[in-house]
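Listed in TrEMBL:
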- D143: active site, charge relay system (ACT_SITE)
- H216: active site, charge relay system (ACT_SITE)
- S546: active site, charge relay system (ACT_SITE)
- 36-111: domain 'Inhibitor I9' (DOMAIN)
- 135-606: domain 'Peptidase S8/S53' (DOMAIN)
- 374-459: domain 'PA' (DOMAIN)
- 661-767: domain 'Subtilisin-like protease fibronectin type-III' (DOMAIN)
- 1-24: signal peptide (SIGNAL)
Amino acid sequence: MKTLQTIILLLLLTAFFCITNTKAEQKKTHRQAKNTYIIHMDKSTMPSTFSDHLNWFDSSLKSASATAEILYTYKHVVHGFSTRLTPQEAETLANRPGILSVTPELRYNLHTTRTPQFLGLDKSTTLLPASQQQSQVIIGVLDTGVWPELKSLDDTGLGPVPATWKGECEVGSNMNSSHCNRKLVGARFFSKGYESALGPVDLSTESKSARDDEGHGSHTLTTAAGSVVPEASFYGLASGTARGMAPQARVAVYKVCWLGGCFSSDIAAGIDKAIEDGVNVLSMSIGGSLMEYYRDIIAIGTFSATSHGILVSMSAGNGGPSSSTLSNVAPWITTVGAGTLDRDFPAYITLGNGKTYTGASLYSGKPLPDSPLPLVYAGDASNSSVGYLCLQDSLIPEKVSGKIVICERGGNPRVEKGLVVKLAGGAGMILANNEAYGEELVADPHLLPAASLGQKSSQILKSYVSSSVNPTAKIAFVGTHLEVQPSPVVAAFSSRGPNALTPKILKPDLLAPGVNILAGWTGAVGPTGLTADDRHVSFNIISGTSMSCPHVSGLAAIVKGAHPQWSPAAIRSALMTTAYTSYKNGAAIEDVATGQPATPFDYGAGHVNPVAALDPGLVYDADVEDYLGFFCALNYTSFQIKLAARRDFTCDPKKEYRVEDFNYPSFAVALETASGIGGGSDAPHTVKYSRVLTNVGAPGTYKASVVPLGDSNVKIVVEPGTLSFAQEYEKKSYTVSFTYTSKPSGTSSFARLEWTDGKHRVASPIAFSWT
């Protein structure tokens, strides 16, 4: 008995020490957990004892951590480096001399044929700049890489690579230098931040090189500047000649996004190299949460790119139709929302009661039988409280087998819902829109017969199922439909204003095609991106502001080719002031989420009109000094300006800096209610905005006019009302006064300011918001 007690005691002691040691190890591991940080150093304070900045970086790092190693060094985005540190080491380093900031790594997300004709590029060859000019422009794309074998990267007919190019084609897994050519002039990859956070790249699923294993990067790149490819299509859909916006422009790839996301240290390294390599346009379909510009590494990096003369185009985000959901709102970034084309891919859904409704689909496989099939609502075929979303393993096979299943949007990818139905034995799927998505129809390449349906039809469909004893349906797929009207309409998913970070800067800037876009695709995965999808295509059709961003990147390259001396701000202004906000019949562009007229908070200045942008007449220009004044208007300290702009600058205490006077091509006017301004509800109140216009055309006289859009109760006066320009690049200033006494119904209202000389129309949206 004593022996047994001794054994039990020993076992208990052993277990205690094991648990204690395990907890100690856990605490030790927790204490030593490291994260990636970007270190911004003050270049001007490097001690004279160091002859090289790299040695200074290393010495500073070693003073905080004996084991940490430098991941990247940065030359343009910040003056500094990135590394892995414990929180305690990061705090120690932040207190060392010469350290401006120690910023934690962030993970960002991707914002995921017919277009040239829709934008009028096919009918305007005489108005477009010569291909030799366009071929001198290099578009840098930060994304998931490139599939270099695509026909869209054929360099036939292109001359030598521009002499200004300093980049290279990096060798890596499944990628060598011969994969680059006179079209794809460079390819780099940046994985150190990604690997530090998530471990080594898994070579069985993705390539440690610039090769694209996801598809997104190949799609955005070929949208911006893909070469002409005849007889392109997606399984016969959207057939025709595929070409990017600027087919003669060169492209350079910077792979900063991986299957696990896009990490800020990698993004910063990609921007840094793009600047050094000599790109002219930077295209980034990436976004995250908003933060002050001096804390945002993307804002800091893109400011540096802009200061080097590079136009930066970025996606607005896919957070619509909710308001204030924008990403990438810095005024030096061209922020692009998504609209539709005049092309769709209809599918007809016929119910057992004989009524037919029109949806959309890219399904290209074996069709359903012509006879009706049983129809079931996913919420009635699941034990889950959210079974209606068709999440993984949520459906009961016995209740869906051989039936068409109605799934609701949200919660998981649309194509994954179809796979869930298929794996459960369903014969087909109808994807039902809810109020958030309205009548938006996004076509998808489903793995089973499936179609999406607008909100109104979806409500009728669900009512039919709930009220019928034996509900049935048929789905018929009818291919490609062109000249769809109205078009464009604002996509429901496209993120909206107002600008939550800087309300007096109107965002987004522009609307461009972003729904059902055909472009190049990777050979590594199928068109849905799902593991179960073993199809391989050269072109794919996908949607998102990720798709609208490269449209503007390519169009900016065309304008840059025509006007190589123009600044990034001038190019953006040309695209914005020539954009349109109404259809040919005069009706306003619609918002598909509401079916009502869209507003500048949805489309910014309007939908791009590239041919008009080549000859805008006047532009709103801005340079680095203007952006520094913008920081002063935000009441940034000299230290904060140094973080954001990488230069010493002190705001002049004798000068009044106002965001209202920042020379932007649009107006976001914040008005206070009577209780906020004092003096009673009948006391008029006036706010003034000033702007400067630069003549980039022939001498002429421009007259101002203001078009109210709805009831704003605001009197708008432009002074002077006429501007005369005698020579090119002459500048003239004007002031707009907004006088009001009472708040209208609603929280916002709109107007439009136009300057015209009889030939040019220089238009700016005005958005009023009431506080």
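Backbone N, Cα and C define each Cβ position, glycine as well.
Computed from a predicted structure; not experimentally measured.
Across the fold, the C-alpha of H216 (active site, charge relay system) and the C-alpha of S546 (active site, charge relay system) stand 8 Å from each other.
Cβ neighbour density within 10 Å is lowest for H216 among the active-site residues D143, H216, S546.
With DSSP classes pooled into helix, strand and coil, the tally for the domain 'Subtilisin-like protease fibronectin type-III' (661-767) is 5 helix, 62 strand, 40 coil. If you take every residue in the domain 'Peptidase S8/S53' (135-606) and average the pLDDT, you get 95.
Each residue contributes its Cα atom, and for D143 (active site, charge relay system) and S546 (active site, charge relay system) those atoms are 10 Å apart. Residues in the domain 'Inhibitor I9' (36-111) partition by DSSP class (helix H, G, I; strand E, B; coil) as 21 helix, 27 strand, 28 coil.
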